[in-house]
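Everything on this sheet refers to the single structure shown next.
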């Protein structure tokens, strides 16, 4: 049992964590994890079949930036492990996988908000000190920490068994998990505020509210907003460019007739500059 | 394009290669507040070290590149290429408007994320998975490999060439823009796109729903969320974001306090049964 727990935890660490380390190369998808766990536990065909089935079920689920409905990687690893151990097929895998997918995402969010989240300001202070080694160490250290903790779930889940696992997860007060979910939904406000600090200028601040209004009321996809904003930006840039050209023309005119050198024109020059 | 790539110096080619490899780790340490900031910084470090010789300028660039970044991973190297070429301009030309670097970065990341997510995650991944699933169901053990190759070969090509394209476009066009004095116009235009996107992302990503309703004698007489929506949809997220912005800009509050404050608010609201 210890071997099984270790190997499945390692696979979750390498695939689900590895997908985050290696730019969403899709290592953490059920279709990859299923056969891998199957191979490690000596039944690749079961792994392949369960992986394929779960891939279809979780097809719509993509884990980008925490905005998702489930974490299919952990679900697949545990479903395949339990299915092989209990000699059951897809029938036993499905009821295990679906709740685990949802719980897995909650734990992932918890780690993301509670463990990695608070380090955002540490990165800022390291940058202002010019500590490149510190940034690199923290960048990879946080990844290791986050996915090490995450990999402990399949480790203990397999060691203790599925029913005990479910009981343990139910022990966390729902008030706390709910509160962290509420906080997780609100936290992007901090990131937005930091972007606003960079971009905000009073004379163009109305565009912030324009973007907000359109999405809040019309639920327009971001890509459409982007196109709209680009159109506005192009129009503004064209107008600014024309104004600039007009200014330059006015500035240049006296300079072109400068050869005559009359007093009047010099005064005119002063007037426009 | 081919000609311009040959113009790259040996050192620049090496830097671009480093950018390709380092940019894999963009989302290694994702935080809700800054997303891929540390990965972006890690990717930019070789460029910063190559371009800036003085410690102060180096630190400034490092602080600049540690800002919020969230985009599609396949298209991120393109943004990184442009950013790197602008850092180069900034290091060579005194009086370069360094704010324009973040303005351009921010205005690009949203639209590219929209395009990338729908094309690569929505279409390419689904096609690759569909083919692999049918192979797996017939017992073919190469199904995972087929899936990974179908998905990653196009993605890696876009990442490799996108970074180079961004860098060469950036260095040639942006220096010309700078000489003409057009960079201010471009920065303003980019800031308009950036701010609009930030507003749109605020509405989409900052989420708050009131669960608490006014109940008298077992009857719900007032649904708080409905009432708030009647005033203005997204009122609470908007106010919270503006308040964070106010605290950051006017009060110089550390983002750590903001993050912990929001976590605390979430738990308290949950305990009170409000959210």
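Every residue gets a Cβ built from N, Cα and C, even glycine.
As annotated in TrEMBL, transmembrane segment covers the listed stretch A:31-54 rather than the other ranges in A:31-54, A:247-270. Beyond its flanks by at least six residues, the transmembrane segment (A:6-24) meets 32-33, 36-37, 40-41, 63-64, 71, 73-74, 77-78, 81, 143, 146-148, 150-155, 158 of its own chain at Cβ-Cβ distances under 8 Å. Nonlocal intrachain contacts for the transmembrane segment (A:140-160), taken as residues 6+ away from its ends with a CB within less than 8 angstroms of a stretch CB, comprise 1-2, 4-6, 8-10, 12-13, 16-17, 20-21, 74, 77-78, 81-82, 85, 104, 107-108, 111-112, 115-116, 119, 168. Sequence-distant contacts of the transmembrane segment (A:180-200), counting only residues of its own chain at least 6 positions beyond either end whose CB sits under 8 Å from a CB of the stretch, comprise 66, 106, 109-110, 112-114, 117, 120, 208.
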